[in-house]
Amino acid sequence: MLLSIGMLMLSATQVYTILTVQLFAFLNLLPVEADILAYNFENASQTFDDLPARFGYRLPAEGLKGFLINSKPENACEPIVPPPVRDNSSGTFIVLIRRLDCNFDEKVLNAQRAGYKAAIVHNVDSDDLISMGSNDIEVLKKIDIPSVFIGESSANSLKDEFTYEKGGHIILVPEFSLPLEYYLIPFLIIVGICLILIVIFMITKFVQDRHRARRNRLRKDQLKKLPVHKFKKGDEYDVCAICLDEYEDGDKLRILPCSHAYHCKCVDPWLTKTKKTCPVCKQKVVPSQGDSDSDTDSSQEENEVSEHTPLLRPLASASTQSFGALSESRSHQNMTESSDYEEDDNDTDSSDAENEINEHSVVVQLQPNGERDYNIANTV
C-alpha cells in the first residue's frame, strides 16, 4: 500500500513538473495580443496591434487574409455598401469602421450583412485598444464573423497605404495566447491533486509509524505483570545499569525475564515509551505470541504434578525464575554443608550417636511477594 502510494506520488509529481515547465515556456513564446500584417502593392509589410472582440467567431488558426475596404458610411450604424465584386475570384474583403454613434455589435452585424468576412473598428482621437463587447443576446446570436479593434494611428496608416484601392492587402493574425481560465484551472487541478496525494501519503506514514511504535512498546497492563522486588542488602543485584546508582534498602526493582533488574523509575519509561526489550541484552520482555498464550501455558504447567516434579519447584511466573533459581541454589548449598557436618560429627563422637541430635535444615523459598520465607524443619 505504501509502495503504491509512493509510486503514484512520484508519477504525479513528474507530470506536474513537466506540465508546468511546458506551460510557462508556451506562454512565454506566444504573443499577448493579435496583430494585423499589412502589405502594400510593393509587398512592403507593416504590423499593427489589435484586440479581438468578445463576440463573434474567432479568427482561424492560419489567419484571415483579405482586402481592406473603408466603410460607407464610416460608422456603420446603418446598412453599408457591400464589397466590390471581382471577376477573377470571389476574394475576401475586410471592412474598416469608425467607432462611436452606435454599439459595436450593431456595426459588426451590418458589416456581416453587407458580405464582409471580418470587421476592423478603429478608435477616435486615441490609440488605446478597447475590448469590444455586447449586451444584446439576440444580436450576438446573429454575428458569425470575427472583428478586432485598433487605434486611430493604425487606422490612418491602413487607409493611406494598405487599402484595396491602393493595391494592398492585410492578414488578421489570430490571438494565440490562451485565456486565463484555460490554463489556470488545469494548473490548479494538478496542484490540488498533488496536495491531496501528499496529505494521503503523510497521513498513511503517520498512522504506520504510530502503529509500529505502539507495537514495539509495552502496555500498562503488561508492565503490571512484571514482578517488582524490594531490594535488601545481600541481594545479587547492586547497580542499576540505566542510572548507574547503587541499590539501597527499600528500592523497588523491576525484574525482567532475562534476570536483569533495574529501578522501576528508570526502566518503566523505557518499556512503555521506547521499546519492550531489556536495555542491556535486548531480549523481549513480552513473548511475541501474546500474553494470553503465555499465561495459559504457565497455569497448565503449574497444575501438572508428576513423580519428576522437584520438591522445591520454581514459581510458575517466568518473571521470577531468576530469584527462584538463586534461592534454590542457596538452599542446596546449605543442605550439603549440613550433611557434611553430620558425617564429621558421627566419625569423631560415636558415643553421642544414641542421643537425640537436632538436625536443622533450612529451606529458603522465594514467595510471590518477593520476600524470603525461612522454614525450619526439625528431624530427630
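Using N, Cα and C of the backbone, Cβ positions are placed for all residues, glycine too.
The signal peptide annotation in Swiss-Prot covers 1-34.
Look at Swiss-Prot and you will find 65-160 tagged as domain 'PA'.
Here Swiss-Prot flags N88 as N-linked glycosylation site, drawing on sequence analysis.
Annotation source Swiss-Prot lists transmembrane segment at 183-203.
For 204-380, the entry in Swiss-Prot reads topological domain 'Cytoplasmic', with the evidence type sequence analysis. Per-residue confidence over the topological domain 'Cytoplasmic' (204-380) averages 62 (mean pLDDT, predicted model).
Summarising the annotation, Swiss-Prot assigns region 'Disordered' to 285-380.
The compositional bias 'Acidic residues' feature in Swiss-Prot is assigned to 292-304 (among others).
Marked as compositional bias 'Acidic residues' by Swiss-Prot: 339-356 (among others).
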Could you give the number of helix, strand and coil residues in the domain 'PA' (65-160) as assigned by DSSP?
26 helix, 21 strand, 49 coil
